[in-house]
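The ATP binding site annotation in TrEMBL covers Lys3, Lys4, Ala5, Leu6, Arg7, Arg130, Leu131, Gly132, Phe133, Gly134, Gly135, Gly136, Tyr137, Tyr138. The substrate binding site feature in TrEMBL is assigned to Met49, Glu54.
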Amino acid sequence: MKKKALREQIIANLVALAPDVRQFQADELYQRLFASHAWNTSHTVAVTMSTATELDTKPIIEAAQQADKRVLVPRTFSGRQMEFVPMTDAVRLEASEYGIQEPINGNATVKSGIDLIVVPGLAFTPEGDRLGFGGGYYDRYLADYSGQTVSLALDAQYFDTPEWTVNEHDIKVQQVITAH
Ligand SMILES: Nc1nc2c(c(=O)[nH]1)N(C=O)[C@@H](CNc1ccc(C(=O)N[C@@H](CCC(=O)O)C(=O)O)cc1)CN2
Ligand SMILES: Nc1ncnc2c1ncn2[C@@H]1O[C@H](COP(=O)(O)OP(=O)(O)OP(=O)(O)O)[C@@H](O)[C@H]1O
């Protein structure tokens, strides 16, 4: 299937997911993340500010702060680039033109200072193939990133093999956590 049609289908499936089913799967994903080696060895963790269709990242941000980890969130800028800014009490967030909350103040953390990136996306395979929202932000960012990466896949986002075209610039995530 073409990427655009597949993205639309997955988004429709995510929107249609019954709230209790979504919550059950999400809780399982959080528990597995918090039990993972990657999580437990990381002091600085980059996480998105999720939108309604995505897995809710608030429990991840709260757990990281509880565990005294440094939490970073993305800020996009021209040229489809992205940087990560510490989520401190002083940070001010504003919705981007795509409706994603982004920090409007604060300085970006250097890439080498990030231990773990929780990589968002629409679809994942056990091999770490990933279909994103089409901006290429994470592929560009991860191209010269050497820390750990993990993605969390709700059932509707999990595919045995990539049912989309995998490109040369696509960077695999090191670990895909599922609810099963
Ligand atoms: N919550 C969350 N934050 C995130 C991401 C994410 O996936 N989830 N990102 C992950 O990358 C970055 C923003 N991602 C974006 C991805 C695509 C488009 C975009 O321009 N979409 C077009 C369709 C694609 C195209 O035509 O090229 C659009 O909606 O019109 C914008 C932002 C950073 N922050
Ligand atoms: N490392 C890179 N250098 C230059 N262009 C890139 C790179 N990675 C991706 N792109 C470009 O970004 C665009 C979107 O790529 P793709 O469809 O793979 O995004 P995605 O992985 O679905 O989205 P995202 O990473 O934002 O979640 C494409 O036009 C692609 O050529």
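Note: Cβ is positioned from N, Cα and C throughout, glycine not excepted.
Here the features listed in TrEMBL are painted onto the structure.
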residue	record	Cβ within 10 Å
Lys3	ATP binding site	16
Ala5	ATP binding site	10
Arg7	ATP binding site	18
Met49	substrate binding site	19
Glu54	substrate binding site	19
Leu131	ATP binding site	22
Phe133	ATP binding site	17
Gly135	ATP binding site	13
Tyr137	ATP binding site	16
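Distance noted between the C-alpha atoms of Glu54 (substrate binding site) and Gly135 (ATP binding site) is 16 Å. Reduced to three states, the DSSP call for Leu131 (ATP binding site) is strand. Selection of the binding-site residues Lys3, Ala5, Arg7, Leu131 by a Cβ distance under 6 Å from ligand 1 yields an empty set. According to DSSP, Met49 (substrate binding site) sits in a coil region rather than a helix or strand. Phe133, Tyr137 are the binding-site residues among Ala5, Arg7, Met49, Phe133, Tyr137 whose C-beta comes within less than 6 Å of an atom of ligand 2, given in sequence order. For Met49 (substrate binding site), the nearest neighbour among the listed binding-site residues (Ala5, Arg7, Leu131, Gly135), judged by C-alpha distance, is Gly135.
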